[in-house]
Amino acid sequence: MLPINRHRIEVGGPQPYAVEIGSGLLARVRVPERQVALIHPADLPSAFVTAVRAALSPAVTVQVPSRDDCKTLPVFADVLSRLAQVNLPRDAAVVGLGGGAVTDLAGFVAASYLRGVAFYTLPTTLLGMVDAAVGGKTGVNLPEGKNLVGAFWPPRAVWCDTETLATLPHPVFAEGAAEAYKHGLIADPTLLPRILSPDFRPGGPGLEDTLADAIAVKAGVVTRDLTEQGERAFLNFGHTLAHALEAATDHTVPHGEAVGYGMHYAALLSRALGGADLTGHTLAFLRWQRPRPLPPLSFDTVWPYMARDKKADSDGVRFVLLHDLARPYLARVPAKVLRREFDRWWKEVLDFAPVPSADTVPSADTVP
């Protein structure tokens, strides 16, 4: 794990940068570039936008749709046009302010505009802080799947202002906790009880230290393997089914909730292939997360999306599995095992959270 100077994490590699974690960072952010394009989602609290605009005096501010609605080629093209309309120069910077979807989009804009300009990110959700803002993966979705178009474009710096987390309802905060918990399963098991602790909450005494350690896991991985030639693939634990659930439900299942469900499926597969039984850990997280019930699904519904996932190839569907805690590995899992364990997973999901009828699936606003 890379050294942490209190709440500063250094990310190494060809273009090293730092991740700062603390409160009140939005108002204190500074970049060396004289011109800045600020990109933020429509549902971001206006106080956050006001603070960053006062700190950076952007040449252009672009508001985009919220969550994954911004990660489309039409939105991407529209943002590029907005930058071109103000003649933003090559020595300018793009700043992404918001959740992980917006920072993914903003990074891809920065990587593409004038063949690449400086990029900075100010994640305002736990998911954005733990996962999307660190590592340099940027991009947008296609109807055929998530993140199929993009680029590796590391930021110059990341600022995680923990005060922004106080605005998040539990379901949104818990989405980011899923990625942090994943880091505990694949690399740092000390994170597991800390994430489930009452102290891990917005403003809680365990928040910043636990957040820093979760980010440090990913920082260490991407320092050693930026472009996912080896170890970085382990960060996809739980994501093969997660991406399939998102696609099969037309993205009505939020990413972090899909990851929670996907980690339990991966734990079942790990056990089926001879690994330790870690399903107690993944079920404990689901109980803490309290994800919304899934709509009725079958293996045949999600299989086409798993088969076209980036983690699939001509020899089968590749999954990240666990021999034990902090012992991840890659395996191609036969379809018959995937089907059998999906049926087992679905039964446990039903026992955990009964599937509602199609006309009573709760919205994000009605989930406790």
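Cβ coordinates are placed from backbone N, Cα and C, and glycine is handled just like the others.
When HIS251, HIS255, HIS264 are compared with the Zn(2+) site residues GLU179, HIS239 in Swiss-Prot, the one appearing in that site is HIS255. A count of other CB atoms within 10 A of each Cβ picks out THR125 as the most crowded of the binding-site residues THR125, THR167. Classification of THR125 (NAD(+) binding site) by DSSP places it in coil, neither helical nor stranded. Straight-line distance linking the Cα atoms of HIS255 (Zn(2+) binding site) and LEU165 (NAD(+) binding site), rounded to a whole number, equals 17 Å. Neighbour density at the Cβ, taken as the number of other Cβ atoms within 10 Å, is lowest among the binding-site residues LYS146, HIS255 for LYS146. GLU179 (Zn(2+) binding site) is 16 Å away from ASP104 (NAD(+) binding site) when you measure Cα to Cα.
In this structure the alpha carbons, written CA, of THR167 (NAD(+) binding site) and GLU179 (Zn(2+) binding site) are 19 Å apart. Excluding GLU179, HIS239, HIS255 themselves, the residues of that chain whose CB lies within 8 A of the CB mean position for the Zn(2+) site are, in sequence, LEU127, ASP131, ALA178, LYS182, GLY238, ALA242, GLY256, ALA258, VAL259, GLY262.
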